[in-house]
Amino acid sequence: MSQTSSQGSQSEDSVDWEEVEVESLDGDDKLDGGGQAGGVTLSVVISKPSGKKNQRTEKRRTANSAVERQIRHDVHRAHTLSLLASGLLRNVMLNDQLLRARLLSLVPLPLVNAFGTFTIATHPLARDRSRMFDSALKDLISWWWQSFQIDNSIEGMRTRTWAEADGIFDSTFNLSDSIIDFKGKRKEGTRKKSFQDAFNELLESGEPLHGVKSLMKRAVLMKGSRDMSALLFTSLLRALDVPSRLVFSLQPVTWRGAGGGGKSAKQPEDTKDSVSPTSSKRSEPISLVKKPRAKTQGLASRASNDSKNKRSVPDHKLSSDKQMASSESEELPLANTGMASTSKEPTIKLRKSRPTKSSRHWAKSPSPDPEALKRPPVFWTEVYSRPMKEWYCVDVTRKKMRCKKIMEPSKNNPENRMLYVIAFEQDQYIRDVTPRYTHSFGATVMKSRLTSRKNGEDWFERATKKFRRPYKLARDEREDEELQKAQVTEAMPTTVGGFKDHPNFALERHLRREEVIYPKKPIGIFRGESVYPRSAVTICKSSEAYLREGKRIKGGEMPLKMVKPRTVTINRKREEELLKMDGQEVALQGLFADWQTELLIPPPIRDGIIPRNAYGNFDLFAPHMLPKGAKHLPYKGIAKTAKKLQVSYADAVVSFEFHKRRAIPVIEGIIVPELESEFVLDLKNIGVQPEELSLLQDSGKKSHGDGPRPIFKFYVDHQVNTMKMPEEGAQDDYFTS
């Protein structure tokens with residue numbers, strides 16, 4: 001609606017005016033004395049704002065369209081496989097011999113020798129060997145937790161929602177970047193970044209790796225992200241000849257639309273500058289000047305407290321730091337100490353700390369920060385205990401072992417979602433160990449992994465089949481039993497939505513159109529509703545659907561379920577409309593289980609005549625539907641040959657295609673009597689054209705009588721008589737070639 005008004009004269013009428021803020025125009029800030037705006041008219045256009053409900057509905061409809069949904073599914077699968085390849089490359093780099101040697105040289109000798117002090121000869125009982133192995137591993141974890149400095153400013157691997165991933169592409173393509181001309185000077189301009197840049201930014205977050213050299217650098221510095229700590233610790237265990245696996249919780253982009261991945265987590269303001277409890281921040285050097293004993297003791301106690309906080313620095317480093325601090329204090333002016341400049345008193349040099357007699361100082365390390373315990377990692381390690389013959393979890397970033405129950409992140413954490421937990425073996429094979437770490441694998445995880453609804457097949461298991469070990473070790477079989485037991489013994493869901501598509505439990509309210517529970521033997525009750533095992537859910541089909549599979553309903557069988565028929569074709573839709581016009585209801589369709597059917601085997605043909613259906617074809621949906629005494633010739637254009645030869649045949653309908661709401665039969669060859677099949681096939685292979693058969697038929701009747709066999713004999717005689725033999729001089733070359 002457009003309304004033109006003057007600022008001086010405003011009419012008061014029944015129209016409800018809305019106040020609109022208008023920016024002041026140049027040169028018209030001051031009005032004249034008459035109250036006029038200098039002849040300037042303002043045109044205000046008021047448009048009806050679209051409601052939030054309509055915007056939300058439009059966004060939901062666009063995001064949930066079939067094409068968009070398929071794109072999200074494909075992107076999720078591609079990103080998952082890309083992260084899997086990234087984990088495979090990391091696992092290969094951890095086996096580098098030089099990297100192992102570097103890490104092994106950093107470990108104290110008592111820790112290295114602790115893994116070789118127990119054998120079957122010295123400790124026959126597996127329980128004793130397991131206890132000593134756990135003790136040695138616990139000391140190694142404690143030493144690593146003190147020595148490796150974790151830098152929280154380096155972002156680790158994390159997941160992204162679909163909206164966040166889409167925003168990365170939008171922001172990347174719209175970034176302003178400077179362009180360099182041919183003279184090497186920079187000039188301002190806009191250049192869109194390539195698709196590869198945006199894809200690389202989305203593909204993998206976290207600390208970048210540029211080969212084994214990146215790992216070697218972090219191993220020398222003993223500093224990096226939480227992911228780097230788990231990677232290097234796994235390589236160290238392999239250097240100590242301890243069977244270990246790198247475990248990677250893949251963090252692909254979510255396949256759900258808007259609102260499917262939750263809100264992004266709010267990071268604290270000082271996250272980038274903060275250092276984790278495992279990091280060692282050295283305090284400022286303290287210069288001590290000779291003072292009264294009370295003050296000297298106070299400074300000494302302060303220095304002792306600071307030395308306690310330096311848990312991640314070895315003792316020899318602490319002693320050198322104290323020596324450096326005392327030497328620096330000699331060079332500082334006395335004014336900095338708060339003393340009078342006239343009093344030159346000698347400084348006190350602290351005595352170097354002696355190394356402790358016990359080499360097990362790592363056993364008394366402090367506990368991790370409580371906030372760090374709430375952050376499950378993305379990378380961790382699995383260690384195989386030879387005495388107990390089992391795999392158990394080791395989280396070196398939180399100083400934990402045998403901690404599989406605390407590895408699953410909370411549902412409110414949008415940056416870490418546990419969907420695909422892959423263990424990378426030392427021999428480059430992988431194992432899917434997701435059921436070991438998730439509490440609700442069937443109720444939550446399997447639904448988020450894009451499991452097929454038809455047959456319950458997991459696409460990830462099919463895609464990673466080539467990366468699994470082709471044979472089973474004894475430990476693999478025991479692990480399979482453990483994972484299978486974890487799925488079977490999974491607790492019943494606590495919500496109604498958890499029962500939907502659950503692999504173990506089912507509610508009758510969640511059954512689809514073709515599903516029925518048989519037999520109805522409940523195994524529990526949830527909020528007054530019976531709970532049935534998923535194995536009791538049976539897929540049912542109509543008699544027409546079974547006919548396309550070459551089956552028919554047994555005599556005397558009653559349908560297990562009655563449903564409204566689907567109107568797939570136009571003819572079916574017309575029939576329903578005619579029934580509604582006559583005031584009749586559409587008859588329900590019965591559904592039967594597979595055990596109520598039998599194979600449809602037609603009777604043998606008689607007198608060399610192929611039976612046909614109402615449409616003049618023969619239904620051959622399965623190989624066993626071919627009648628005895630007939631043969632299927634699946635060749636294109638062979639029907640014309642059989643028709644000219646006056647052979648009884650029928651077009652073979654093998655399936656149906658639905659196009660524009662019409663059922664179109666798919667014809668593949670013909671069905672002919674078995675005795676005449678060779679004759680028809682020979683003429684087809686020789687290359688007789690249908691136009692030539694009419695000429696041969698007239699000539700064959702005159703010389704050999706009626707019927708298709710005399711025609712074939714006449715054709716053979718005709719081909720022999722018209723065959724050109726080679727000349728005399730070329731016979732030798734013809735037969736010797």
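Cβ coordinates come from backbone N, Cα and C, glycine included.
What TrEMBL annotates here:
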type	residues	note
COMPBIAS	1-10	compositional bias 'Polar residues'
COMPBIAS	305-320	compositional bias 'Basic and acidic residues'
DOMAIN	488-538	domain 'Rad4 beta-hairpin'
DOMAIN	540-603	domain 'Rad4 beta-hairpin'
DOMAIN	610-684	domain 'Rad4 beta-hairpin'
REGION	1-67	region 'Disordered'
REGION	257-374	region 'Disordered'
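In terms of DSSP secondary structure, the domain 'Rad4 beta-hairpin' (610-684) contains 21 helix, 27 strand, 27 coil. Residue counts of the domain 'Rad4 beta-hairpin' (540-603) by helix, strand and coil are 20 helix, 14 strand, 30 coil (DSSP-based). Counting residues of the domain 'Rad4 beta-hairpin' (488-538) by DSSP class, helix then strand then coil, yields 10 helix, 16 strand, 25 coil. Summarising model confidence by region, the domain 'Rad4 beta-hairpin' (540-603) averages a pLDDT of 89.
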